[in-house]
């Protein structure tokens, strides 16, 4: 796998993990007492954070919130670098 | 505040230059039932709705902005390499002389976006019913776009977006029930 392809595959994993969080958050908005969903949400957050760390430690920050993280510092300032999402 | 995420909500892969399809997609970019209208509608209504439904409006509005970015990505990729002749052939000649290769908030017929597409009534039930209708209209538009799309990558992204409108509609309908329950509880005590 080329580094470019590896980056794309890992980004897809981040998108997947983040989407689970988006979907569960929306569900809990209207089902605040569903304890099982809240437990799933907790697990999803942990998983999303893990995958994001994997990505950012190699390819740079995905959001400005990531900038203060150790991973972002290690890879340097990559924020204003291509590709932007619509350039892929 | 909002923080930008340097990734799409869902990957968009476009097969070939296709300005005709791009023109149709503009309906969901800057049209009456499109993503811009949805995002702005909910983001504005949320200030005056009961606390129990502020989260739903905030989160769905935020997601609609990510849908808007997906649409922009599709339109951009489908038109970036098109010659003026190709754009003209696709019915985008008027768009080209006004906007070049840039995007613009307009519908598939070239009508610019207007705030008159959306409403905020200050009445949570009225607002939420408008929101449910908006999601159903967006879902229907996505269906027509899928029916007309000849790009498998675009169709895949459109199917994802169509499904999201279903979920949003469901969450808004649950929000109506939450408010009705609250209203009925107040009557009893």
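Each position is counted from 1, following the chain as shown.
Cβ atoms here come from the backbone N, Cα and C positions, even for glycine.
Spatially close to residue B:168 (Mn(2+) binding site) yet at least six residues away along the chain are B:60, B:63, B:135, judged by Cβ distances under 8 angstroms. Annotated Mn(2+) binding site per TrEMBL: B:35, B:64, B:67, B:135, B:168, in sequence order.
As annotated by TrEMBL, Ca(2+) binding site applies to B:59. Other C-beta atoms found within 10 angstroms of the C-beta of residue B:59 (Ca(2+) binding site) number 19, with every protein chain shown included.
For the pair residue B:59 (Ca(2+) binding site) and residue B:67 (Mn(2+) binding site), the C-alpha distance works out to 13 angstrom. If you draw a 10 Å sphere around the CB of residue B:135 (Mn(2+) binding site), it holds 24 other CB atoms from the protein chains shown. Proximity to chain A (CB-CB distance below 8 Å) holds for none of the binding-site residues B:35, B:64, B:67, B:135. Cβ contacts within 10 Å of residue B:67 (Mn(2+) binding site), excluding its own Cβ and spanning all protein chains shown: 26.
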